[in-house]
Each structure stands twice: as C-alpha cells, then as structure tokens.
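Trainee: Take this structure, written in structure tokens, and hold onto it; I'll ask about it next.
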Protein chains: 2
Amino acid sequence: MKPTPRPDPFSLAFEEAHKAAARGEVPVGAVIMREGIILARAGNQVLADKDPTAHAEMLAIRQACAVLGSERLIGCDLYVTLEPCAMCAAAIAHARLRRLYFSASDPKGGGVEHGARIFAQPTCHHVTEIYGGLRESEAAALLRAFFLERR
Amino acid sequence: MKPTPRPDPFSLAFEEAHKAAARGEVPVGAVIMREGIILARAGNQVLADKDPTAHAEMLAIRQACAVLGSERLIGCDLYVTLEPCAMCAAAIAHARLRRLYFSASDPKGGGVEHGARIFAQPTCHHVTEIYGGLRESEAAALLRAFFLERR
C-alpha cells in the first residue's frame, strides 16, 4: 500500500492566490497546517468582503482558531505566498504560530523583513520562526502579472 | 427645543471597555464615528470569540465597513481606550481612518508610539492623524484594576 502523500501547503496557498486573482483581488493565498493536517486555507478577499482586514493570513488564522476552538495556534505553521504586512505579522504573533513560511518578499508593504519588522520589536511577545523566499519567483510572477493587467 | 447632544464617543468606548472587563477580557473599548454619527462600537472579545484578532479596534473597523458597505472608512475617526497594538494600527491605516484618538499609552504592547510605530514606517501608505493621552488616567486605572485582580 502506498502511503497517503503529505499535502503540499504551498501548492494549496498558490491555488488560493490564483482564485483571489480570478476574483480581482490582490493574489495572495495562505494555508495553516499542524502535524501534516491542513486546518485552514484562504485567499485575500478584501474587496469581496468589503473588509480591509480580510487578508489571506487573517482569514486563515480565524478559520484555524475556529477549527481548534482556541485563540492560540500552538504548534501550527502558516504558509503564505507573500511576505505578510504588519497587521498580519502581528496577528501571527498574537496567534502564537510556530513557523511562518512565505514566498515573495514585499519591500513596499511587508512587515516582517521590511518596515515595522514586527518580530524584531521588543513589543512582540512571541517569536515565530521565519522562512522566506520559498517558491519566490512563482509568487513574484503571479503578482507581476496581476498588477500589469490592472494598469 | 433643546438640541440633541452629540454622542460622546469616549464615554461609549469606556462603556465597551467596562463590559469587556466584566467578561474577563482585557478591558479595551473602541468606537468609530463619522460626522457625529456612531457607526460602530466594540469591546475586546478575544477569549469569547476564541479569535486572537478580535481586538476592540478590529471589530469596530469590520462593523463600520459593514455599515458603510466599503473597505475604506474615509472621513471616519476611531476612539479607543488604549494605544492600539501593531495589528490594529496597521488595520487603521488599511481602513484609511482619518483620525485616531486613544487614551492610555501602552509601552509594552503598543504599535503607534512604541515598538513597530506603524504610522512612521515607509511601508505605511496612509497617515492617520493621531491624538493620544485623552482621559488617560481613567483608562490606566481601569487596566491597572483589571490586572491587579488577575494576579
């Protein structure tokens, strides 16, 4: 018997990003996984929800908390196709996520490696492990295509 | 005929903070007002909702956006009893709020005058006018009483 393949969170996050683009939203997708199990997946839906906080990461965090019945996502990892903004990075810290994996870097709006550098602040009470640059060129191409089309 | 008194947003925000304390939540309350009309009011409900993003400011922003049917709160002002954290400060910028009025300063967790200093970052694309220290001693006393009781 072949073992069930472990789900690939980044492929699912990219699926969510493509779905967001098809809806006319900035194409960002996020997935939360714990011990090989997908707890949440979401794409950016700021325009659809008319909600400036409806970034992919925020929606995924709220979904995963609902699934686990807890405001803390201990032992959970978040995968997202773009460097989180300061709002999402601070939410990741509030949720006590274990690891953050992201694809494209975001010098203009990022809050992890740029600008607010949330996890480097003394006001950040939980330090999530951070891994950037995964499948970066794929994410950068997706964002570039989206913004070129809208010019 | 006496004119209808303009609602006092800070008194409503403090009401929300007291209600949050009574529920066992960190006592923070927020109100959003536009042209003298209250659009949203909320208290912190992280524990009740099991949602780490359910800070008073986030809930008020989402409520006001639902009321206006827009992801931007142009011409709206937010009143909150504590300096917003980085998550809420970045959400305030995303929502394009006009003014932020807050009471107590938060050196340990704040993201406006402390830590991430969201509005001073080059990655912040909207600068909200900021007024801190309003009814500060009242808010500080409320927070102090709450944390003393839980020790």
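A Cβ is built for glycine as well, from the same backbone N, Cα and C atoms used for every other residue.
Unlike curated entries, TrEMBL annotations are predicted automatically.
As the structure is a computational prediction, the values presented were derived from the model and not from experiment.
Got these off TrEMBL a minute ago, pasting:
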type	residues	note
DOMAIN	B:8-113	domain 'CMP/dCMP-type deaminase'
BINDING	B:H55, B:C85, B:C88	Zn(2+) binding site
ACT_SITE	B:E57	active site, proton donor
Trainee: What same-chain residues, at least 6 away in sequence, bring their CB to under 8 Å of the CB of B:C85 (Zn(2+) binding site)?
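Mentor: When sequence neighbours closer than 6 are ignored, B:C85 (Zn(2+) binding site) has B:H55, B:D106, B:G109, B:G110, B:G111 within Cβ distance under 8 Å.
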Trainee: With an 8 Å cut-off on Cβ-Cβ distance and a minimum sequence separation of at least 6, pull the same-chain contacts of B:C88 (Zn(2+) binding site), or say none.
Mentor: B:H55, B:E57, B:M58, B:V80, B:G111
Trainee: Please report the three-state DSSP label of B:C85 (Zn(2+) binding site).
Mentor: coil
Trainee: By the DSSP assignment reduced to helix, strand and coil, which category contains B:H55 (Zn(2+) binding site)?
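Mentor: B:H55 (Zn(2+) binding site) sits in coil per DSSP, no helix or strand.
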Trainee: Please list the DSSP helix, strand and coil residue counts for the domain 'CMP/dCMP-type deaminase' (B:8-113).
Mentor: 40 helix, 25 strand, 41 coil
